Amino acid sequence: LGRMKPVIVVHGGAGRIFREREEGCRAGVVRAALRGYRVLKQGGSAVDAVEEAVRSMEDDPHFNAGCGSVLNEKGEVEMDAIIMDGKNLDSGAVSAVKCIANPIKLARLVMEKTKHMLLTDHGAHLFAQAMGIPEIPGEKLITERSRERWKKNLEPDSNPEEFQKDLGTVGAVAIDSEGNVACATSTGGLSNKLIGRVGDTACIGSGGYADNHSGATSTTGHGESIMKVVLARLILYHMEQGMSPEVAADTALDYMKTRVGGLGGVIVVNKSGEWAARFSTKQMSWATVKDDNLHYGIYAGEKHIKSVDEALVSEREGF
């Protein structure tokens, strides 16, 4: 069997990325992509790689996932995550989880240690305890920025919608040397959302989907719109009809925009290792490693390319 060249693509969320956060977002997606790629280069599976990449971004306060998640109406962090293995269509997800650092790890345990696909809130909490996942105080996940924004949104004349544009869900897709694909997505959801709100991220086919027969995708953007069109599965459907990853992504994003007025972004890899990072929002931070070359950007049309070795050096020197 011809070995596949491994590929990883990550996103740090679609929306509006404020100037002062640009560098941090770029550095964060690059770091995640390099970490995921290292897993693939060492013979790790696509599932291992996407979990590692997403964990890296959950731990980075620049993104709305794990530490740095936005707050719900009550000022708490409630997180959603999903992971999917394209080999057998196994998937695990959690929704509305609190007080753990890495929801993506818990999602993977749901996939591998239970017969179920999605655990929520209290049940997910009990399962995390049973699996020995350390609980951390909720405050540990809350950044100054999330708290500030939450307060602003509580003001009577505030418009939370205005702030939703800076969403920052994180995700990764990969193909490993065996030709298996996987996806992972993790988020803190919408700022000032109702308690118990679950968006697209935890929903299979919306927040992500992976199938060796076609490819893998992870989405970001307005969750409710993504759910209405089942965006991740829609993109794979277009690829099954013969579209390239880029055309499939643009076609699906365009449909979501015209049909339900929703904006978002997606990363895609197909079964031959072709990839795309596309968005209908102003920006989306993304990074890819393929053939030992790192590609990354934030704005439409922006694409930097470095060799992985060069990137690892600047990574060690703190970008």
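Glycine is treated like the rest: Cβ placed from N, Cα and C.
All TrEMBL annotations are machine predictions without curation.
Taking a C-beta cut-off of under 8 angstroms and a sequence separation of 6 or more, THR169 (active site, nucleophile) has the following same-chain neighbours: HIS11, GLY13, ALA14, PHE63, ASN64, ALA65, THR185, SER186, THR187, THR201, GLY207, THR219, THR220, GLY221. If you look up TrEMBL, you'll see THR169 marked as active site, nucleophile.
Among the features that TrEMBL reports, substrate binding site is placed at ARG197, VAL198, GLY199, ASP200, THR220, GLY221, HIS222, GLY223.
Comparing local CB density within 10 A for the binding-site residues ARG197, HIS222, the maximum falls on HIS222.
Among the record's substrate binders, ARG197, VAL198, GLY199, ASP200, THR220, GLY221, HIS222, GLY223, no two C-alpha atoms are more than 16 Å apart, and one pair sits at exactly that spread.
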